[in-house]
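If you check TrEMBL, you get these features:
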BINDING   CYS26, CYS27, CYS105, CYS108  [4Fe-4S] cluster binding site
DISULFID  CYS188-CYS190  disulfide bond
Amino acid sequence: MSGQTGVPDLLPTPPGGERRLVLHSCCAPCVGGIMESMAAAGLEPLVLFYNPNIHPAPEYLKRKDENARFAEKLGLPFVDADYDPKAWMDRVRGLEAEPERGARCTVCFDMRLAYTADYAHQHGYRVFTSSLGISRHKDMAQVNASATRAAARHPDLTYWDHNWRKNGGMDHMLTVSRREDFYRQDYCGCTFSKRAAERG
């Protein structure tokens, strides 16, 4: 860890030595430490907030605004992508009873990361990554599989599968979240995870 900043040292070089990349963000508490680490390493991430799973709309706005606030503080570009919860519900129809980390989550990751890959390709980026796997509530292998499928849509695009939990990444995530006093949700995002959280 850097003595002055607390930012984890030895952030690996992105694939192909690229400094410009798209960073898909799920929420400020998860992505904040990653954003700060990238900025400290001289990388140039564009933060893409595409999360049509988040329910209800006021919750979406809270999470988006927290992320946008921190991006502005770091001087990083932030893109608020289309919020289309109906399209998300159509994609997961029939999977309502699936547990966390089940088939519904795979479909959700596929949708969000395919959008990220398409955005990166359309805007001239060659690398993308995501904060989705940093949460211990998520299956990193499941996230990485979805992202790898998304990257395969474009032959010039690579998914950076760095494990953001390791080398102090998890501790830094928590430190940044507390320091910035981010709004911290108590469920993943979708209406089904919200119901599960409310049931305890």
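Yeah, the Cβs are placed from backbone N, Cα and C, and that goes for glycine too.
Between the C-alpha atoms of CYS188 (disulfide bond) and CYS105 ([4Fe-4S] cluster binding site), the distance comes to 10 Å.
Looking at CYS26, CYS27, CYS108, CYS188, CYS190, the recorded positions in this record, the fewest other C-beta atoms within 10 angstroms of the C-beta turn up around CYS188. Residue environment of CYS105 ([4Fe-4S] cluster binding site) contains 25 other Cβ atoms, counted within 10 Å of its Cβ in all protein chains.
Annotated pair CYS105 ([4Fe-4S] cluster binding site) and CYS190 (disulfide bond), C-alpha to C-alpha distance, rounded: 10 Å.
The secondary structure of CYS188 (disulfide bond), as reduced to three states from DSSP, is coil rather than helix or strand. The two recorded residues, CYS190 (disulfide bond) and CYS26 ([4Fe-4S] cluster binding site), have Cα atoms 12 Å apart. Under the three-state DSSP scheme, CYS105 ([4Fe-4S] cluster binding site) falls in the helix class. A Cβ within 8 Å of the Cβ centre of CYS26, CYS27, CYS105, CYS108, the residues given for [4Fe-4S] cluster, is found for these other residues of the same chain: ASN51, ASN53, PHE109, ARG112, LEU132, LYS138, CYS188, GLY189, CYS190.
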